[in-house]
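Engineer: Got these off Swiss-Prot a minute ago, pasting:
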type: ACT_SITE; residues: Cys186; note: active site, thioimidate intermediate
type: BINDING; residues: 108-131, 216-239; note: NADP(+) binding site
type: BINDING; residues: Gly181, Gly183; note: K(+) binding site
Amino acid sequence: MRIEEDLKLGFKDVLIRPKRSTLKSRSDVELERQFTFKHSGQTWSGVPIIAANMDTVGTFEMASALASFDILTAVHKHYSVEDWNAFTSTASEDVLRHVMVSTGTSDADFEKTKQILAQSPALNFVCIDVANGYSEHFVQFVSKAREAWPTKTICAGNVVTGEMCEELVLSGADIVKVGIGPGSVCTTRVKTGVGYPQLSAVIECADAAHGLGGMIVSDGGCTMPGDVAKAFGGGADFVMLGGMLAGHEESGGKIVEENGEKFMLFYGMSSESAMTRHVGGVAQYRAAEGKTVKLPLRGPVEYTARDILGGLRSACTYVGASRLKELTKRTTFIRVQEQENRVFNSL
């Protein structure tokens, strides 16, 4: 047993220090980035935000809506091959280039993903997703996927420490997914005692991945546009959002009605709700590590997307970053004990 004494930080523990700026308007900020990925060799340009691969967020409808903002969607793994065929036959190539195909690590997952990728050459992203990215089996699957799809850009996770981030990059991941337990409907930290504050995880993993030519996506922990800015400021190349994009018309959650008001269900992918829906219930040997919440309906996702992008542009103007790419270099974090004046929050 050992204890690490240095303090680890989440998004709520810091603010970004403002700096002198020559920017005259938020409209001067360029959010689009261009990446060339280490292993696939593919070049992609767009806004590096990703809708999470949850079945109440990462839907075909969400992908179609967010593509117009140049935002990616990691489409959840529970669509059938037939569902994918219907989608790829009608979606434009521009939409498909903003889509990640999500997969687990079983042999059946591998075969299914192979069939999906064969449907369109525009499907260039694969998201290999497990809750615990520290297993040898997972690393071996990433290597297998890289060998099978040498020209596809592979995103793999989740991990939170530098050494495992390096392992995944060396095994074939172009992008490492960072985050254990920070999600709004994730209960891993309270069920297991395992986790890592998200901002510190991002800073550590970005340093590790960038040293090898890899990239990271910060997955989880963002509750407001300012958190997205902090994730980019901490070194994330991409930011994945779940709860912030849930509850919309495109989110795919079940709608329930209580006292005349409509709500949409949103749940973690290790929750009892998710396991009951997809595998028939919680296995006897495990515990659910997610919760289910009811969100008031939030309308079309376009308004939320504009709010997030607007907040990000504003953050860049406060530190003098004319491009999102510059935000990390322009960021100085200050530790704080409060984020906002909450006097009217209960109204």
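Cβ from N, Cα, C; glycine included.
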Engineer: Rounded to the nearest angstrom, how far is the Cα of Gly181 (K(+) binding site) from the Cα of Ile216 (NADP(+) binding site)?
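Structural biologist: Counting only the Cα atoms, the answer is 17 Å.
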Engineer: Determine the Cβ neighbour count for Gly181 (K(+) binding site): the number of other Cβ atoms within 10 Å of its Cβ.
Structural biologist: 24
Engineer: Tell me whether Gly234 (NADP(+) binding site) sits in a helix, a strand or coil according to DSSP.
Structural biologist: coil
Engineer: Determine, using Cα-Cα distances only, which of these binding-site residues is closest to Cys186 (active site, thioimidate intermediate): Ala108, Lys114, Ser120, Val126, Val228.
Structural biologist: Val228
Engineer: Hey, what's the Cβ neighbour count for Cys186 (active site, thioimidate intermediate) at 10 Å?
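Structural biologist: Excluding its own Cβ, the number within 10 Å is 25.
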Engineer: Which has the fewest other CB atoms in a 10 Å radius around its CB: Ala108, Lys114, Gly183, the listed binding-site residues?
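Structural biologist: Across Ala108, Lys114, Gly183, these binding-site residues, the one with fewest Cβ atoms within 10 Å is Ala108.
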Engineer: What whole-number Å value do you get for the CA-CA distance of Ala108 (NADP(+) binding site) and Gly183 (K(+) binding site)?
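Structural biologist: Rounded to a whole number, the Cα-Cα distance is 27 Å.
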Engineer: Here's one to test understanding: among the binding-site residues Lys114, Ser120, Cys222, whose C-alpha is closest in space to the C-alpha of Gly183 (K(+) binding site)?
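Structural biologist: Closest by Cα distance to Gly183 (K(+) binding site) among the binding-site residues Lys114, Ser120, Cys222: Cys222.
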Engineer: Would you count the other C-beta atoms found within 10 angstroms of the C-beta of Ile216 (NADP(+) binding site) for me?
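Structural biologist: I get 33 for this one.
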Engineer: Among the binding-site residues Val126, Cys222, Val228, which residue has the fewest other Cβ atoms within 10 Å of its own Cβ?
Structural biologist: Val228
Engineer: I need the CA-to-CA distance for Val228 (NADP(+) binding site) versus Gly181 (K(+) binding site), whole Å please.
Structural biologist: 17
